[in-house]
Amino acid sequence: MPGKLRVHELAKQLGITSKELLATLKDKGEFVKTASSTIEPPVVKRMQEHYGSSGSDKSDTAAKPAAAKPAAPKPAASAAPKPGAPAKPAAPAAKPAPAAPSAASAAKPGAAPKPGVQAKPAAAAKPGAPAKPAAPAAPSAAKSGSAPKPAAAAKPAFSGPTPGDAAKKAEPAAKPGAEAPRPGGMPRPMGKPAPKPGARAPRVANNPFSTGGGERPAPRPGGGPRPGGGPRPGGGPRPQGQGRPGGQRDGQRDGQRDGQGNRGGQRQGAGAGGPRPQGGPRPQGGSRPQGGSAQGAQGAPSQERQGGGRRPSPAMMPPTPGQMPAKAPGKGGRGGQAGGGAGGGFNRGGGTGGGAGRGGRRGGTAGAFGRPGGAPRRGRKSKRQKRNEYESMQAPNVIGGVRLPDGKGATIRLARGASLADFADKIGADAAALVQALFNLGEMVTATASVSDETLQLLGEEMNYKVQVVSPEDEDRELLESFDLQFGEDEGGEADLAKRPPVVTVMGHVDHGKTRLLDTIRKANVGSDEAGGITQGIGAYQVKVNVEDTERTITFLDTPGHEAFTAMRARGAKSTDIAVLVVAADDGVMPQTVEAINHAKAADVPIVVAVNKIDKPEASPEKIRGQLTEYGLIPEEYGGDTIFVDISAKQGLNIDELLASVCLTADAELDLVANPEMDAQGVAIEAHLDRGRGPVATVIVQRGTLRVGDSIVAGDTYGRVRRMVDEYGRDVEEAGPSRPVQVQGLNGVPGAGDNLLVVEDDRIARQIANQRNARKRNALAARSRKRVSLEDLDSVLKEHSTLNLILKGDNAGSVEALEEALLKIEMDDEVQLNIIDRGVGAVTQTNVTLAAASDAVIIAFNVRAEGKATEEANAEGVDVRYYTIIYRAIEEVEAALKGMLKPIYEERVIGHAEIRAIFKASSVGLIAGCMVEDGKVRRNATVRIIRDGNVIAENAKIVSLRREKDDATEVSAGYECGMVLSYPDISVDDKIEVYEMVEVPREA
């Protein structure tokens, strides 16, 4: 079978444009998308008929007959071809003789014979013609469109001649394609020629595999034998849509269904219908077997075909309107007692006489192209159709012309710094629609940019969604759960748990003696090494002390007391078991003391108060107890539960008593146990970049045992433990619970306070670190992004004074503390502080290059520039500031910000004068003769002219000033002068107020 034609190919054959052909197809009910779409052969044939194409064009889509091998004889029921399917012709057979024409062939086109009436042949029937019925009747032609009268079906006398007889009596037929001679010498009817087949009703579907192309052949009226008509116009094959040839299958099925005798009727004779394709002698010289009656169909098999091949399908034959039953107007459905007139829709159905006619049925593939045929009926709607109709009934959620989905109160969980693309994936919407909707709400963002939490929640409320931004803790927990990891829980049962030393954090105000206390306990001197005598980092030590003749191990954390190290104190409180609050007896409760109390209470950590410096004469321990009572720390001697110990760190007084109190609190209030056999988990309390060792993290192991060679992940850094050292610089191979160690081997400097976790291999550690890093960047981008509305766009584009800084420090905690302290500086909106980069380690050339490009200042805290960074900074003019004490860096940055502020000016009145007379001069105009009443009048000063208490001129200038005939710079009170003003509209008795704008220094 040749390939299917496309729309543009058929249009080229027909000599029209593709657009015209598409329009015609649409009018005919064939819905084809584009000019490149393929068309089924029946539709091609219809279009060719519609546009009057030549026969050569039609031959492209017709099924070509091909020779087939002779098949074994089969029963007639199985030999009948399927309706609508092209049948291959048999091998060359005997040319059939034409059958005798009946009266029906001479009837008008569209006329249908009455049921039960068989036309009498004009001459003796040739072999192969249909047999004469038992009760012949005169032919009567019905008008086109009239319904035939019901009558009982007449049974034929016999089924027809045998194939052998038909072969003997057959006459030579004309060549294929030529017109066959009319039997009996009957002349051709002289009526009007058969009309050319025109356009038919739209097909049900463009499907070549449907039964009969979506149509059902009409039954023959009366069930009698088919009239032996002459050759059809053009001598073509059987027209499409004619009655099904009789046979066992048709007779049996239709006879049983309708209760009629011979629904299928006799099969057309061998000679009827013109010559066979590739006309040759039929094998064994037989004609086609005739269709039997209902009894024969049900009781005995029909005669077998001897030809072995199938005849052409009705779907392959052109229509013959002259022999087609007329269509009755009206709707389809089952016919009545009147023989079931022609069916509606696309079928030409009709029942047999005396029975209920079968109406038109739907096409084989209903709904493929256009509405199905037959009578319209209400079917069940699909779920999708119902859902679409329901959603269309709902009020659309439209924001600024953009249709968005309605959340109906659903909850959406998004990570920090999520983008609109992430939001769109969650709700199944288009990211571009969300961008446009947010633009209409006054926010300008892209689909992939990180969006702040407030913006996500605002957009969610507009779409009726509840947006929950996942907290950092939940986000990290979900990340670890995706790798089947957990942090913060001991593995195993209680039998696997063992006691661990307490972790004690020393907290308090600056210069109250925290580091001196630890020095006394460790019998070392650490405070002398600190810059400025203050602690600027967390120190972790593990010492062994004798408490009540028992050696106990205690881990101490020394936190800074300066106000800039709030985050460090909070981190120390979270990593500890017991907090020792150091308060100087001669100083009292200070702001950082109160802050330390709040941190300890927030972490639910028991507090032991150490009242220090009791050796000083002005010390008042009782005063300290009274002050701390206001903050909920009630001494035991006052009936409370807080232990107070009076000590002197400098002289070493009562240190043992303090350690005993710490151990007593740990034993009484805390159950300090951990599993030492599990994979290690801990916290990085400090981290820095060492010149020779690389990134170094100070870690406290909270549970498990950390060993050299373990794969670890700390925050957004990962690596393998290459070396561990204790607080004395000695190498250790493993570290158990509550043990502080310095870990080397990470790929970067972790953040202070990041959790440390041992994982199975480096691959998992790298994946966790990379995902944490990506989330951290998104959150930072969302937080640092400024919300710019359309109304504020003009003001944002104006130039602002911005101080760009690059922070470098010796460890992560110092950089964090410095950044937080700088961001807390309160300044006006006209000056902004922007920290563009931060890092741990020396100042590098990369930092200098970035500073030069962004006009930034580098703040180096406890680090210096390395290599050629200093030379490059001098060449580029980059300002690098070095500091060793954090509060000095804060003070200088604050002063620099204040210096960038625009000056504040204040108006100051310097004198008043009154116009007494006005003179005119051609060269200068009006001259005001004035008397200075108070103050001074200066040349080029700014004046305000007042008339009758109303200001008539503002910001006028004294252009010229004279005293007598001499020019004067200023004139004092009590003197007359003449002046020329820049404002010409002056009059006598006007008051002149002279003032100047003076810069006022800003308050510190």
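Note: Cβ is positioned from N, Cα and C throughout, glycine not excepted.
Swiss-Prot lists region 'G2' at one of the ranges 528-532, 533-537, 733-737, namely 533-537. Cross-referencing 12-19, 508-515, 748-755 with Swiss-Prot places the feature region 'G1' at 508-515. The secondary structure of Lys514 (GTP binding site), as reduced to three states from DSSP, is helical. Long-range contacts of the region 'G4' (612-615) within its own chain (CB-CB distance under 8 A, at least 6 residues past either end) are made by residues 512-513, 517, 582-587, 621, 646-651, 653. All protein chains included, Asp511 (GTP binding site) registers 15 other Cβ atoms within 10 Å of its own Cβ. In the three-state DSSP reading, Gly508 (GTP binding site) counts as strand. Sequence-distant neighbours of Ile614 (GTP binding site) (same chain, 6+ residues apart, CB-CB distance under 8 A): Ala585, Pro621, Asp646, Ile647, Ser648, Leu653. According to DSSP, Thr559 (GTP binding site) is assigned to coil rather than to any helix or strand.
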